[in-house]
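Colleague: My structure is below; once you've seen it, I'll send some questions.
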Amino acid sequence: MTKDDHLTFRQFMLKEYREHGVSKDLIFLLEDIATACRTISHKIRSGAFAGTLGATDDTNVQGETQKELDVIANDQFMLHCANCSRVAALVSEELDNVIWLKDKAEAGDYIIYFDPLDGSSNLELNISVGSIFSIVELKEPLTELTDEAVLIPGSEQICAGYSLYGPSTSLVVTTGHGVNGFTHLAGSGEFLLTFPNMTVPAATNEFAINASRQKFWEPPVTRYIDECLAGPDGPRGKKFNMRWVASMVAEVHRILTRGGVFMYPRDSENASMGGRLRLLYETNPMAFIIEQAGGKASTGEGRMLDVQPTDLHQRIGVVLGSSEEVDLVESYHS
Ligand code: F6P
Ligand code: MN
């Protein structure tokens, strides 16, 4: 064991404070988010007994049926994020509008964007799901507390992370100084550092895409996938493997562990909505994490983090992971 093995989340974050000046307010907030994630993990694991794996009668602003656990997870995020006096506003996949927690939003205040339970269609199947979050620190006070005021590009994030509820519960976080993964030690109430300095290799031979949408793909995507499938005799000169969990948190976690590329491109069917996944609380936080791990994240045409959001629940095409693959897809688009 080195001295950094199995540091508690708090010990690790205090090291980030000493080494990189990460704010103590952010550390307290992240501890609260970690508590929300541990609680959500517990609620998922007991969901079959509580009868909460299934759907409610409601749909969210996306027009998607809400699961009982979507609502429970959202409540946990709301409860635990409201504890920090610097949090000015919350934006959730499950809420139509911004929730303002303060009368005024000052420079230095935080906006938190979250998808409380991503991949929740997997719940009844006992397949991995996750929570995603993103934190922006305001550089200037906001003059008006409107939904438009929080349409801030992903490059302004100071922190992003996710919790993966799989065979174990992971918490993966970046504060802009690399990516570190923690595992919940069941029964201890602690996340311990188990995957320090996670990185995405530049090259890979594994891709993830929902191939059932092939007939809707744009030509650059069809070309890219066809070339992967052509294997050693094709232009790529190597064999590719495919995975599709239908849970972005699990796909990103795999890519941070062994490389790969994940795509949910804009296509002819979802183009009128801009794509499938949501910019502010799905693709931006994952893009920040992937870049911090040495990978790339693109809309297909350009860097995800440079996109100026135009809508709270804006959808967008995404390709992220090993940099050589992301560059290749982008080159096919140009
Ligand atoms: O929230 C979106 C999401 O559940 C992602 O986690 C996942 O990558 C995607 O949708 C799965 O989409 P599909 O249902 O098309 O496989
Ligand atoms: Mn989601």
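A Cβ is built for glycine as well, from the same backbone N, Cα and C atoms used for every other residue.
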Colleague: Out of E282, E291, E301, E324, which does TrEMBL tie to the same Mg(2+) 2 site as D115, D118?
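Modeller: The one candidate that TrEMBL places in that Mg(2+) 2 site: E282.
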Colleague: Given TrEMBL annotates D115, L117 as Mg(2+) 1-binding, which of E93, E94, E137 belongs to that site as well?
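Modeller: TrEMBL names E93 for this Mg(2+) 1 site.
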Colleague: For S120 (substrate binding site), which residues of its chain lie six or more apart in sequence with Cβ-Cβ distance below 8 Å?
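Modeller: Within the chain, S120 (substrate binding site) has Cβ neighbours under 8 Å at K67, L69, D70, V129.
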Colleague: Where does S121 (substrate binding site) sit in DSSP terms: helix, strand, or coil?
Modeller: helix
Colleague: Please list, in sequence order, those binding-site residues from D115, L117, S120, S121, N210 with the Cβ less than 6 Å from ligand 2.
Modeller: D115
Colleague: Report the mean pLDDT of the predicted model across the domain 'Fructose-1-6-bisphosphatase class 1 C-terminal' (200-333), rounded to a whole number.
Modeller: 98
Colleague: Compute the mean position of the Cβ atoms of E93, D115, L117, which form the recorded Mg(2+) 1 site, and then list in sequence order the other residues of that chain whose Cβ is within 8 Å of it.
Modeller: D70, A73, N74, S92, E94, F114, P116, D118, S120, S131, I132, Y281, E282
Colleague: Please check the binding-site residues E93, L117, D118, G119, N210 against ligand 1 and give me the ones with CB under 6 A, sequence order.
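Modeller: Passing the 6 Å Cβ check against ligand 1: D118, G119, N210.
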Colleague: Give me the count of other Cβ atoms within 10 A of the Cβ belonging to E282 (Mg(2+) 2 binding site).
Modeller: 25
